[in-house]
Amino acid sequence: TKASVGFKAGVKDYKLTYYTPDYETKDTDILAAFRMSPQPGVPPEEAGAAVAAESSTGTWTTVWTDGLTSLDRYKGRCYHIEPVAGEENQYIAYVAYPLDLFEEGSVTNMFTSIVGNVFGFKALRALRLEDLRIPVAYVKTFQGPPHGIQVERDKLNKYGRPLLGCTIKPKLGLSAKNYGRAVYECLRGGLDFTKDDENVNSQPFMRWRDRFVFCAEAIYKAQAETGEIKGHYLNATAGTCEEMMKRAVFARELGVPIVMHDYLTGGFTANTTLAHYCRDNGLLLHIHRAMHAVIDRQKNHGMHFRVLAKALRMSGGDHIHAGTVVGKLEGERDITLGFVDLLRDDFIEKDRSRGIFFTQDWVSLPGVLPVASGGIHVWHMPALTEIFGDDSVLQFGGGTLGHPWGNAPGAVANRVALEACVQARNEGRDLASEGNAIIREASKWSPELAAACEIWKEIKFEFPAMDTL
């Protein structure tokens, strides 16, 4: 027989195999929405097909081993392409991937397949993954968050309001004893949580074990004084998985309620390992998104944060940082609330105005509390309460520790402001229009809040948003 029978070597157009506009998507498919900017002269169908091919079964040439498998069963398919309104030479390409292409319960494998290779592709000037639809069948292979929102409230015995946190500053340079002292002052003043900064791991000036011990002491002392359950996010992120687990185990032995992980720098494999340990041992897990802007900041290349947020809900975490919205543009507010809902809710309808490309059903996977953190202070409290609602964590670092009288009064000011906003909202007042008045009224009864109002009355962070539709 001749070698050429049934197999023709050579390079052929991707779109012949991988562009299938009449494909009906299956309930079990993983669906992706990519924003493509093709190179000049590359038609969008060919670019979309190339993305589908290179992120699934394809390679740059036909190979004889293609005959040993059923490509129709395993190939990714570009099933729809639409131009992006208001942008020149940008398209949204929708790609469907058969479920069989992915390992169960592995966010790592999902990302390696979908975004591992194709972003360096020459036919594309730029590529951004805007959204993923995770099918129910795949969601069910993940444990998800160790505990979720309801279980966390039950553990903490705190209901009907957002939770309050604070990142301990200066983030690097304090000794363990002084660090613990700062934690104690914040918790005593009325915060629910304090937080290790994301880059506090185990450095020469403060080794992790010493920090854990002094923070545990601070937690127990503050709990005894206030009669409330307190926590400090002990950062277990480390250079190896084994070291990370050692830190998590020690936190459990100390009896503290919560640990922390940097999920992008630490990696999804490490994060999922830690999340499983946390569920098995009753630890809450706070997730910081350090490095996210490297991936999600460019509008035309990388990955939108909503994809990283979905991935975190699958991998596991009880809190995740999600931006603040405050003082930014309206468009960004809708987009942020879109992925905040993806983190918290069980079922989210497709809504392009909020950046949600697909309807997502989480089939009772526990929810994640969004954390608003970064440049916020007491004057932002009404807006934050209105935007994020009860199921959130509001974190004021400088907005607590920058109080002229110290940490504990700074914590008091934030707690009073929060309780005032929640009470006003429950009485039916409009936080958006009456916010400043509500804070001013409350400050008459709280000298700590009055001092905070005075010091931060003029501070704003006004820059145009990067992230528009």
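For all residues, glycine too, the Cβ spot is worked out from N, Cα and C.
What Swiss-Prot lists as N6,N6,N6-trimethyllysine is Lys8.
Here Swiss-Prot flags Asn117, Thr167, Lys171, Arg289, His321, Ser373 as substrate binding site, drawing on sequence analysis. Neighbour density for His321 (substrate binding site): within 10 A of its CB lie 21 other CB atoms from the protein chains shown.
Within the same chain, residues at least 6 positions away in sequence whose Cβ sits under 8 Å from that of Lys169 (active site, proton acceptor) are Asp197, Gly397, Gly398, Leu401. When secondary structure is read from DSSP and collapsed to three states, Lys169 (active site, proton acceptor) falls in the coil class. Swiss-Prot lists Lys169 (among others) with the feature active site, proton acceptor, giving sequence analysis as the kind of evidence.
In the three-state DSSP scheme, Lys195 (Mg(2+) binding site) falls into the strand class. Residue density at Lys195 (Mg(2+) binding site): 29 other Cβ atoms are found within 10 A of its Cβ, drawing on all protein chains shown. Summarising the annotation, Swiss-Prot assigns Mg(2+) binding site to Lys195, Asp197, Glu198 and lists sequence analysis as the type of evidence.
Annotation comment: Swiss-Prot describes Lys195 as N6-carboxylysine.
Look at Swiss-Prot and you will find His288 (among others) tagged as active site, proton acceptor. The 10 Å shell around the Cβ of His288 (active site, proton acceptor) contains 28 further Cβ atoms across the protein chains shown. According to its DSSP assignment, His288 (active site, proton acceptor) is in a strand.
Residues or ranges marked as site 'Transition state stabilizer' in Swiss-Prot (evidence: sequence analysis): Lys328.
The shortest Cα-Cα distance from Asn117 (substrate binding site) to any of the recorded positions (Lys195, Glu198, His288) is found for His288. Within 10 Å (C-alpha to C-alpha) of His288 (active site, proton acceptor) lie the following binding-site residues from Thr167, Lys171, Glu198, His321: Glu198, His321. A straight line from the CA of Lys171 (substrate binding site) to the CA of Glu198 (Mg(2+) binding site) spans 9 Å. Of all the binding-site residues given, namely Arg289, His321, Ser373, those whose Cα is no farther than the 10 Å limit from the Cα of Glu198 (Mg(2+) binding site) are Arg289. Each of the binding-site residues Asp197, Glu198 was scored by the other Cβ atoms within 10 Å of its Cβ; the lowest score goes to Asp197.
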